[in-house]
Amino acid sequence: MAEKEHYERTKPHVNIGTIGHVDHGKTTLTAAITKVLSEKGLAQAQDYASIDAAPEERERGITINTAHVEYETDKRHYAHIDAPGHADYVKNMITGAAQMDGAILVVAATDGPMPQTREHILLARQVGVNYIVVFLNKTDLVDDPELIDLVEMEVRELLSEYDFPGDDIPIIRGSALKALQGDPEQEKVILHLMDVIDEYIPTPVRDVDKPFLMPVEDVFTITGRGTVASGRIDRGTVKINDPVEIVGLKDEVKNTVVTGVEMFRKTLDLGEAGDNIGALLRGIDRDGVERGQVLAKPGSIQTHKKFKGEVYILTKEEGGRHTPFFTNYRPQFYFHTTDVTGVVELPEGVEMVMPGDHVTFTVELMKPVAIEKGLKFTIREGGHTVGAGTVSEIDD
């Protein structure tokens with residue numbers, strides 16, 4: 001048994017999720033995938049009800065319901081997320097609570113693309129989910145094959161509209177419910193869908209293979225040795241004698257060299273993504289580095305003040321604002337490990353933003369921060385979270 005355990009770890013890991021309009025069959029498809037793969041010993045079958053009863057989670061001060069399902073194909077190990085409500089999807093994608101490397105867009109052939117179909121495609125584009133495979137569901141309920149062709153064409157056009165390769169995206173037709181009920185033809189369709197996902201959604205670059213980045217959480221001095229910046233490594237690796245830059249909150253970037261890496265008071269040869277470490281920095285005094293800055297591989301990240309954000313604003317019930325806000329709203333934007341005040345500029349045609357809204361707006365920060373497309377942030381007022389966002393574009 002232990003050997004099998006070891007083998008499972010060698011499969012590449014990919015995060016995916018189901019997206020699409022309410023009642024188009026996202027959860028049924030998720031259940032069908034687990035059922036069909038369980039028959040090959042690659043998953044534990046989960047029924048609709050258990051996936052639908054998604055547990056509540058908190059991600060950066062926001063409550064989200066998400067179901068996490070695991071399964072394998074012959075080639076890969078997958079973590080699959082499915083969210084019960086539309087608001088849960090929006091919050092999930094914006095907060096990055098469930099990071100997706102690719103998505104299965106479920107569209108009912110009986111309805112065609114609907115408003116949430118469009119909104120989920122837009123969200124996928126804005127938050128950096130770059131690969132979509134389409135499952136055209138409920139095709140057994142449509143008598144005229146020409147109608148299905150028409151729906152497929154509409155879906156392709158919609159994807160192209162949001163800069164996805166609409167003409168090339170794989171579209172699989174089938175019935176998730178029939179597969180779940182054990183129809184052998186539809187079970188084959190599910191296996192085909194998984195083959196397509198294996199092929200079309202690339203294995204992501206592992207965090208450790210990306211350029212080094214560590215948001216600084218704390219700074220202290222070790223007498224006789226120098227200044228230590230501590231934090232959790234976001235990506236990449238760091239070792240003794242690596243050159244790093246101290247970036248953020250100030251206009252100039254400082255260059256230094258890591259002269260020691262420690263974890264739990266022990267010296268470490270190599271710190272990697274996920275590790276909480278302290279990095280000893282050559283020639284940097286106590287006030288030469290501060291919380292909210294980042295240590296990074298030279299040249300890998302710049303500071304910016306102006307960006308566009310894809311944002312979800314909490315409702316009053318979620319602990320958010322009770323009233324709308326307008327252009328020139330000035331909350332704090334919490335990036336990495338610190339708050340920076342910023343001024344909000346709403347897009348043309350948007351007069352105000354209500355609690356519970358999903359909106360794209362421009363922010364001008366009071367201080368430069370090390371940010372890049374895809375970075376997550378929280379919006380706060382007096383220490384309370386009132387929203388969450390993803391940087392969708394750098395504007396300066």
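Numbers run from 1 along the shown chain.
Using the three backbone atoms N, Cα and C, a Cβ is placed for every residue, glycine included.
Its Cβ placed at the centre, ALA83 (GTP binding site) has 24 other Cβ atoms within 10 Å. Feature annotation from Swiss-Prot assigns GTP binding site to 20-27, 82-86, 137-140.
Counting only same-chain residues six or more apart in sequence, the Cβ atoms lying under 8 angstroms from the Cβ of THR27 (Mg(2+) binding site) belong to THR18, TYR48, ILE51, ASP52, ALA67, ASP82, PRO84. According to Swiss-Prot, the feature Mg(2+) binding site maps to THR27.
As annotated by Swiss-Prot, domain 'tr-type G' applies to 11-205.
Beyond the ends of the region 'G1' (20-27), by six or more residues, the same chain brings 48, 51-52, 67, 82, 84-86, 105-108, 111, 113-117, 120, 135, 137-138, 176-177 to within a C-beta distance below 8 angstroms of the stretch. Per Swiss-Prot, the feature region 'G1' maps to 20-27; the stated evidence is similarity to another entry.
Under DSSP, the residues of the region 'G2' (61-65) split into helix, strand and coil as follows: 0 helix, 4 strand, 1 coil. Per Swiss-Prot, region 'G2' is recorded for 61-65, and the stated evidence type is similarity to another entry.
Per Swiss-Prot, region 'G3' is recorded for 82-85. Listed by sequence, the residues of this chain that lie at least six past the ends of the region 'G3' (82-85) yet keep a Cβ under 8 A from its Cβ atoms are 17-18, 22, 26-27, 30, 51-52, 54, 64-67, 69, 92, 98.
Sequence-distant contacts of the region 'G4' (137-140) (same chain, six or more residues past either end, CB-CB distance under 8 Å): 24-25, 28-29, 106-110, 148, 173-178. Positions annotated as region 'G4' by Swiss-Prot, on the basis of similarity to another entry: 137-140.
Secondary structure of the region 'G3' (82-85), assigned with DSSP and counted as helix (H, G, I), strand (E, B) and coil, comes to 0 helix, 1 strand, 3 coil. Among the listed binding-site residues, namely ASP23, HIS86, THR139, the Cβ with the most fellow Cβ atoms inside 10 Å is that of THR139. Remark: GLY20 (GTP binding site) has LYS26, LEU105, VAL106, VAL107, GLN116, THR117, HIS120 as non-local neighbours, by Cβ distance under 8 Å and separation of at least 6 in sequence. For the recorded site, GLY20 (GTP binding site), the DSSP three-state label reads coil.
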